[in-house]
Amino acid sequence: MSDNSQKKVIVGMSGGVDSSVSAYLLQQQGYQVAGLFMKNWEEDDDEEYCSAATDLADAQAVCDKLGMELHTVNFAAEYWDNVFELFLAEYKAGRTPNPDILCNKEIKFKAFLEFAAEDLGADYIATGHYVRRQDVDGKSRLLRGLDGNKDQSYFLYTLSHEQIAQSLFPVGELEKPEVRRIAEQLDLVTAKKKDSTGICFIGERKFRDFLGRYLPAQPGPIMTVDGQLVGKHQGLMYHTLGQRKGLGIGGTKEGGDDPWYVVDKDLDSNTLLVAQGHEHPRLMSVGLVAQQLHWVDRQPVTAPFRCVVKTRYRQQDIPCTVTPLDDERVDVRFDDPVAAVTPGQSAVFYQGEICLGGGIIEQRYPLTIPA
């Protein structure tokens, strides 16, 4: 028998292919494996209900096929209190939050971890995230997933080394096509299911309609950086820096046919500022200040250091220098200007394959425009 035969792992089963294959891989490694389906949202229309019901049915079908038990739990109250209300408050303040990061912090690696350990007697939890864990000198590190296209460490930077030590990430060592191939070989119902792209647990729905249910939209003007009125927006909360689609405005004589991009939001006047060209100076930043810091090793940063940073998911690594301002904030200076650095989003730091941690972008340092 393997050393793992006495260890119980609870896999967060989403009804997707990654968690399905994770469960199978853990069985192959000799663990005692069971699944947990988390219900984190109280559906309020038929379409949402059907989507959630399909995910649960798929998770159950996979567990039946693999001969393992599936537990269910309702974390809707925790999700509302600890993720959704903060998400709405950030939008209301004109920032663009990342709910997946909050959800991982508060639900998957807190509520789920506690429930699995205390109620189900788990030694570990496991998820279908594309990240890797490395244990060095008694501390667990978070590494990027092997598949660079799918690496999800950006979403998990808030985890501590203690949380990582209680977590397993079986597909983090694989590339996505291999995961699908395993699912097809096993004839799992999730083998060809497309990856979800919706907001965390809120699923695939029209974001504008969804946000409009909870926050009153305030239409206002769309102005160019030169002060020209070019259109009307339906609410600042529907727009984010660097956004190109959905503005409903064409080119101008001076700017030619270059597409328009959102370069700023003026909350005081409820104005959306736009400029033409994806590298317009108003869109570029030379650095940022990050707050609400989380370092994976939980050691505060006391001296400047060099690393790379990502200011959004799947962005290329940006070489930078990080300087602590105090225990809660760091100053980050990029080697070269970066487009669309967005307050409310996360800045996540890496050294090589290791995810060091990150923080919320509080402000950006704009590229100064020559007079």
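Yeah, the Cβs are placed from backbone N, Cα and C, and that goes for glycine too.
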ATP site partner of Gly12, Met13, Ser14, Gly15, Gly16, Val17, Asp18, Ser19, Met38 (as recorded in Swiss-Prot), chosen from Gly121, Gly128, Gly138, Gly145: Gly128
Those residues of the chain, 6+ apart, with a Cβ under 8 Å from that of Ser14 (ATP binding site): Phe37, Asp55, Ala59, Gly128, Ser196
Look up Gly16 (ATP binding site) in the DSSP assignment and report helix, strand or coil. coil
Using Cα positions only, nearest of the recorded positions to Met38 (ATP binding site) (Cys103, His129, Gln345): Cys103
